[in-house]
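Written below as structure tokens is the structure these notes are about.
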Amino acid sequence: MPSETAQAGEGPAGCPHLSGAQGSDRSLDQRPPGNKDAPERVWIRPDVPSRCTWELGRPVADSPHQHAALAKSPKILPDILQKIGDTPMVRINKIGKNFGLKCELLAKCEFFNAGGSVKDRISLRMIEDAERAGTLRPGDTIIEPTSGNTGIGLALAAAVKGYRCIIVMPEKMSLEKVDVLRALGAEIVRTPTNARFDSPESHVGVAWRLKQEIPNSHILDQYRNASNPLAHYDTTAEEILQQCDGKLDMLVASAGTGGTITGIARKLKEKCPGCQIIGVDPEGSILAEPEELNQTEVTAYEVEGIGYDFIPTVLDRTVVDRWFKSTDKEAFAFARMLIAQEGLLCGGSAGSAVAVAVKAAQELQEGQRCVVILPDSVRNYMSKFLSDRWMLQKGFLEEEELSVKRPWWWHLRVQELSLSVPLTVLPGVTCSDTIDILRGKGFDQAPVVDETGEILGMVTLGNMLSSLLAGKVQPSDQVCKVLYKQFKQIRLTDTLGALSHILEMDHFALVVHEQIQYGGDEQPSKRQTVFGVVTAMDLLHFVASRGQDQQ
């Protein structure tokens with residue numbers, strides 16, 4: 001995969017995508033937007049324009065990168081890193097038939113990699129390329145902003161090779177990923193899920209700050225590192241071609257950093273030019289083309305490892321023939337289907353890919369073949385989409401789909417509860433005063449609203465006290481600095497059963513009421529106001545007091 005010759009002082013593995021932090025001004029965003037007085041911030045954006053010079057038809061001999069041929073594995077592997085790659089291709093039998101496909105539907109099962117995901121390939125490739133370039137040396141520290149799977153791959157390789165590993169990941173990522181990372185010896189830093197990628201508080205921003213503070217540390221940077229798509233160009237794509245004897249008519253892959261679909265697609269365009277490349281992007285992400293596909297009211301999504309709010313440098317959208325958007329609901333439904341009907345223990349993003357595959361492959365005929373990439377394992381999501389409770393709480397599963405006998409109160413509405421007048425706090429109130437107010441009123445939490453009543457977030461005693469003790473805030477700081485935004489909302493018309501599912505995982509739920517607001521000639525807008533805060537104790541009190549009347 002040809003690329004410009006690396007320049008002196010460039011990033012890991014001599015990658016032409018990576019101009020060093022002291023290099024091109026185009027890669028530097030030294031101060032947060034609109035704040036010229038802020039301290040200088042040194043980082044490299046994950047969406048800088050690509051400098052890769054790969055062209056269809058250009059000889060691989062012109063490439064500055066090292067390309068190794070696929071090798072047969074020995075009977076006894078020298079270490080677990082040799083079990084990365086050579087993943088099986090499995091025929092999907094029932095799902096394709098049930099959705100009326102005429103073509104053959106095959107799954108490339110990347111969860112058979114040593115660390116459980118397709119990201120093991122790029123993790124090992126980035127490290128080995130950096131070692132060959134002399135960038136990464138014994139005793140150095142690897143830092144990486146990641147949704148979890150790349151982190152697991154890097155932590156696995158770091159454990160075997162002896163590097164210190166620090167993984168920076170958003171809060172929405174599953175606890176299972178965190179537990180696996182800790183078991184592998186990685187240090188973990190969590191960042192707010194809703195932080196924009198270019199914010200200093202994002203997983204990207206925090207990783208670059210740590211790099212400035214820790215000597216001999218490196219961000220291999222999957223978003224810009226040419227080793228990312230190269231891993232798939234040299235191995236994943238070659239395996240697919242060998243397993244299919246060079247015959248495939250469509251490839252479907254979801255996109256996160258874009259390295260998987262870019263690397264595979266470039267090789268297939270060279271060796272199997274008639275193969276259609278189908279990209280999968282979740283609703284709420286902006287990777288798909290044309291841009292109209294990305295227009296949605298969805299601002300967040302639960303499926304992990306795919307989609308972004310920026311276009312990563314390594315994503316080459318010119319090699320994708322068509323994009324499809326996927327929803328959380330269909331992603332998790334298809335992931336469960338793959339497990340239940342095909343015995344494939346895959347993750348949610350695999351469900352996204354297969355949901356799109358059964359749509360895109362409708363045009364294929366008998367004798368044609370569609371290959372879909374299943375990126376990771378269900379291991380990382382045992383407490384998420386594998387759980388009926390989680391699926392019900394998120395609205396991805398209906399009560400009617402579960403044949404379980406429910407208690408007498410299950411279908412009653414939240415409005416049946418005796419909710420007290422809500423206590424709210426303005427964002428300018430200090431942490432010290434807020435603690436006094438909550439303790440004085442006997443509350444553990446309160447909504448933070450602005451002057452118009454719009455909900456900004458929640459503040460909890462536990463969150464405030466831990467932030468104060470950790471030195472993140474001072475007692476005199478405004479409470480808006482410790483807003484808690486990972487809370488659940490429920491409406492008065494929702495059932496107590498739905499509330500029960502929330503309270504099994506959370507200490508409270510915010511009861512909200514929707515209003516339609518008109519502002520003169522402007523279009524009406526929906527806004528939410530606080531009706532109350534409900535806790536498990538409120539529900540238990542209601543059940544106990546009304547239960548006697550039911551007997």
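The backbone N, Cα and C atoms fix where each Cβ goes, glycine too.
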Look at the pyridoxal 5'-phosphate binding annotation in Swiss-Prot, where Asn149, Gly256, Thr257, Gly258, Gly259, Thr260 are given, and name the residue from Ser63, Ser73, Ser349, Ser383 listed for that site too.
Ser349
Quick check on the recorded positions: of Asn149, Ser199, Thr257, Thr260, Ser349, whose CB has the lowest count of neighbouring CB atoms inside 10 Å?
Ser199
Out of Lys119, Lys211, which of these recorded positions shows the lowest number of other CB atoms within 10 Å of its CB?
Lys211
If you draw a 10 Å sphere around the Cβ of Gly256 (pyridoxal 5'-phosphate binding site), how many other Cβ atoms fall inside it, taking every protein chain shown into account?
28
In Å, rounded, how far does the Cα of Gly256 (pyridoxal 5'-phosphate binding site) sit from the Cα of Lys119 (N6-(pyridoxal phosphate)lysine)?
11
Looking at the binding-site residues Cys52, Asn149, Gly259, Ser349, which has the shortest Cα distance to Lys211 (SUMO cross-link)?
Asn149
Select one residue from Cys52, His65, Gly258, Gly259: among these binding-site residues, choose the one with the most other Cβ atoms within 10 Å of its Cβ.
Gly259
Just the number: how many Å between the Cα atoms of Gly259 (pyridoxal 5'-phosphate binding site) and His65 (heme binding site)?
16
